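**Student:** Sharing a structure with you now.
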């Protein structure tokens, strides 16, 4: 049987897309492999959000060129595919920089992958069009991959933040219909998935057709999903502060499947920098939004994204970011040094922050965020929480799962608990996960 190796870089949507590409190849007779050396088709599903991520792809392609040559010497064919956002952004340039690549395919065209592979036997192929047809209508049924799963409900972004390539690589905001999302969710649950994370570049801008043909909100979509038998938990990511509707806030209080966790990027605490980033909100507007969300769900865990060293950022601007972090308190966060991306407005600016200053600011921010994360996890010790068991743990007799607040937890229980919710008393907080004990009889009953 032919074998396919699919590697994904970057965001959760890339992980979803990588899985769907594996499904497309499986329908063509390819079995999945984790060993690139034995693959007949190698797919790199790429991320273009930062320069470092893009350069990783070219480094990997250099290694794959050698592998392709070695396999050819033994009479084995290898097709190399570059997919995702680097493919969309750089197109034919990839063929120039990486001679071993056979197919370049953008994120809106990967349902065509089998045809592109066939075409590549005659000539190298680039497909970075935004086709009129909905790719989701052309994808095969999803295969079961575990207890949790991603489900794309929205793609693209209309916000045009000054630092971001997503509007150029993923296109304008489009949403799938409620019926299509519910049907895919139903199939996932039938395959064993118990927790679904709804994903989109700007997921709370969701506006897919509802049952009556009118645009539905993300809150309404989650209400519809809560009726899927066997579905236990719902999450969503990534959101924009400007698209947080009242009914989405209310869903955190009224829909029992919506978990008390929210990833809501803010990027900076400085109003001056937020304006330069074209974020269209202020630091205080973000604070007020968080206050409203916490009023609806007081125990909600918050995470965010931050960029340090955006062009023109001063010490005073950075101090405002630290103040916002201190004011709000996060359970987790992702923080990065600004990386210019060709074609974005910020890349044209001439007031770059020195690399050494970026490094210093990132270290200070991450120190504060790490202290908040450790304090948040330490506060969980002694509490009783419900763990959705996802897999076996690191040690024999151990399983691992997540709290409603998306904290990783390990505890002793049989593998038969995988896919069930087990009440667990948290006994210890480690550096990256929590440890606990299942309530007596709970694990056995599961």
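Note: Cβ is positioned from N, Cα and C throughout, glycine not excepted.
This is the feature table in Swiss-Prot:
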type    : residues      : note
DOMAIN  : 2-122         : domain 'MTTase N-terminal'
BINDING : 11, 47, 85    : [4Fe-4S] cluster 1 binding site
DOMAIN  : 143-375       : domain 'Radical SAM core'
BINDING : 157, 161, 164 : [4Fe-4S] cluster 2 binding site
DOMAIN  : 378-440       : domain 'TRAM'
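Provide an account of the burial state, proximal residues and distances for the features listed.
**Tutor:** Counted within 10 Å of its Cβ, the other Cβ atoms near residue 85 ([4Fe-4S] cluster 1 binding site) come to 27, all protein chains included.
The average pLDDT computed over the domain 'Radical SAM core' (143-375) stands at 96.
Its own atom aside, the Cβ of residue 161 ([4Fe-4S] cluster 2 binding site) has 21 Cβ atoms within 10 angstroms in the protein chains shown.
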**Student:** Using a Cβ cut-off under 8 Å and a sequence separation of 6 or more, which residues in the same chain sit near residue 11 ([4Fe-4S] cluster 1 binding site)?
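**Tutor:** Residues satisfying the criterion: 47, 49, 238.
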**Student:** What is the number of residues in the domain 'MTTase N-terminal' (2-122) that are helix, strand and coil, as DSSP sees it?
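**Tutor:** Helix, strand, coil within the domain 'MTTase N-terminal' (2-122): 64 helix, 25 strand, 32 coil.
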**Student:** What is the number of residues in the domain 'TRAM' (378-440) that are helix, strand and coil, as DSSP sees it?
**Tutor:** 4 helix, 33 strand, 26 coil
**Student:** At the Cα level, what's the spacing in Å between residue 161 ([4Fe-4S] cluster 2 binding site) and residue 85 ([4Fe-4S] cluster 1 binding site), rounded?
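**Tutor:** Their Cα atoms are separated by 17 Å.
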